[in-house]
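Asks: Quick one: structure below, then a few questions.
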Amino acid sequence: MRIGIGIDIHQLVEGRKLIIGGVEIPYEKGLKGHSDADVLLHAISDALLGAAALGDIGKHFPDTDPAYKGIDSQLLLKHVRKLLETHGYKPVNVDSMLLLEKPKIAPHVQKMRENIAACLEVDVDAISVKATTNEKIGYVGRGEGALAHAVCLIEKI
């Protein structure tokens, strides 16, 4: 078994959809990025890649490649799962934490868990998504961005 950790951050801006955990969340701002900027799925992807010592999402999905412009990060996470498989690993579980001042994430957590589980081909009980605010401290607390942390466990197939 191997453990991985991932972190991602994206700026909140007007004129973008807010997509977290593969869920489009109604809000006046969205996350800025080359892809759909799904901060949670990016952190999870990095955790999985790191656990298998396969680099990070920037290596596999560079923001200079037009093929990834606006791409659904669920497709990226599915590709990460396939990469793990080709290297003899499969995901066991994921624990993640999202820091975001607004909007409230709780109503969307179950769907996020289901999306992540489907991408990784694991049971939804193997996926944890938690969210908290930053108590109005720092860039997250001022509503300027969102931050996600993820820890995963993978095992040999």
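From the backbone N, Cα and C atoms, a Cβ is placed for every residue, glycine too.
What Swiss-Prot lists as divalent metal cation binding site is ASP8, HIS10, HIS42, and the listing cites sequence analysis. Residues or ranges marked as 4-CDP-2-C-methyl-D-erythritol 2-phosphate binding site in Swiss-Prot: 8-10, 34-35, 56-58, 61-65, 132-135, ARG142. Here Swiss-Prot flags HIS34, THR133 as site 'Transition state stabilizer', drawing on sequence analysis.
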Asks: Taking the recorded divalent metal cation site as ASP8, HIS10, HIS42, identify the other residues of that chain whose CB atom sits within 8 Å of the mean position of the site's CB atoms, giving them in sequence order.
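Replies: So the extra residues in range turn out to be ILE9, LEU31, GLY33, ALA37, ASP38, VAL39, LEU40, LEU41, ALA43, ALA146, ALA148.
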Asks: Kindly assign THR133 (site 'Transition state stabilizer') to one of the three DSSP-derived states: helix, strand or coil.
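Replies: In the DSSP reduction, THR133 (site 'Transition state stabilizer') maps to coil.
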Asks: What is the one among the binding-site residues HIS10, HIS34, HIS42 whose Cβ has the most other Cβ atoms less than or equal to 10 Å away?
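Replies: Top count of Cβ atoms within 10 Å goes to HIS42.
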Asks: For ASN134 (4-CDP-2-C-methyl-D-erythritol 2-phosphate binding site), list the number of other Cβ atoms lying within 10 Å of its Cβ atom.
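Replies: Around ASN134 (4-CDP-2-C-methyl-D-erythritol 2-phosphate binding site), other Cβ atoms within 10 Å: 17.
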Asks: Let's check the environment of ASP65 (4-CDP-2-C-methyl-D-erythritol 2-phosphate binding site): how many other CB atoms sit within 10 Å of its CB?
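Replies: By my count, 11.
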Asks: Using C-alpha atoms, which one of the recorded positions ILE57, PRO62, ASP65, THR133, ASN134 comes nearest to ASP8 (divalent metal cation binding site)?
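Replies: Among ILE57, PRO62, ASP65, THR133, ASN134, ILE57.
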